[in-house]
Amino acid sequence: MKMVAPWTRFYSNSCCLCCHVRTGTILLGVWYLIINAVVLLILLSALADPDQYHFSSSELGGDFEFMDDANMCIAIAISLLMILICAMATYGAYKQRAAWIIPFFCYQIFDFALNTLVAITVLVYPNSIQEYIRQLPPNFPYRDDVMSVNPTCLVLIILLFISIILTFKGYLISCVWNCYRYINGRNSSDVLVYVTSNDTTVLLPPYDDATVNGAAKEPPPPYVSA
């Protein structure tokens, strides 16, 4: 008996560095988990000691607040949610539970859509980049150097940078999606196609042999009345 799984023909089971999509998804989930854990630690330390991350109006070059307590709490909640989503994706890929990967995949789609909107905004409104740079504080690193660049060249550089990011994010999305399909296909027993041979065919004797053997039997003894 030979089993053929059709879901193995329509997509690749390998990603970068020739590793399996499950391994790639686990590594990606752990990487996002570490990043969000570091961000959460920074936010918690900033919330515990506001003076350590406090910037005065002279340092910022304007009369606005860097981050208040409400925004800090929102950022902490988002970091906790991201840690939960990344942990679910890592656990789902490790334990081969496809449903646990869906939240992380939805986050990837949402992040890709936001970056696409940024690229469209830069392409449609190229002057918005110069306006955004002018609003930065005067002591912002490399502000004057960026302002001195030709606006057209600056737009092209930013679009090229965003295109590279979108390509990389799209590749990561495909890796996670292939991992979901792989796990979902392995857990579905009804998608397997069973290929069998004729080894179980029942061979019946020829009709002539059956009738001859039946006729050759001795007749029953005669009936004797009492």
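Including glycine, each Cβ sits where the backbone N, Cα and C put it.
Marked as transmembrane segment by Swiss-Prot on the basis of sequence analysis: 26-46 (among others).
The annotation transmembrane segment is assigned in Swiss-Prot to 72-92 (among others) on the grounds of sequence analysis. Away from its own ends, the transmembrane segment (72-92) comes close to residues 25-26, 28-30, 32-33, 36-37, 39-40, 43-44, 46-47, 98-101, 103-105, 107, 176, 183 of its chain (Cβ-Cβ under 8 Å, at least six residues beyond either end).
Marked as transmembrane segment by Swiss-Prot: 100-120 (among others). Residues 25, 29, 32, 82, 85-86, 88-89, 91-93, 159, 162-163, 165-166, 169-170, 172-173, 176-177, 179-180, 183 of the same chain lie 6 or more positions beyond the ends of the transmembrane segment (100-120) yet place their CB under 8 Å from a CB of it.
Within its own chain, the transmembrane segment (153-173) has Cβ neighbours under 8 Å at 15-16, 28, 105, 108-109, 111-112, 115-116, 118-119, 122-123, 126, 129-130, 146, counting only residues six or more beyond its boundaries. If you look up Swiss-Prot, you'll see 153-173 (among others) marked as transmembrane segment, on the strength of sequence analysis.
Annotation comment: Swiss-Prot describes 205-221 as region 'Required for NEDD4 interaction', evidence class similarity to another entry.
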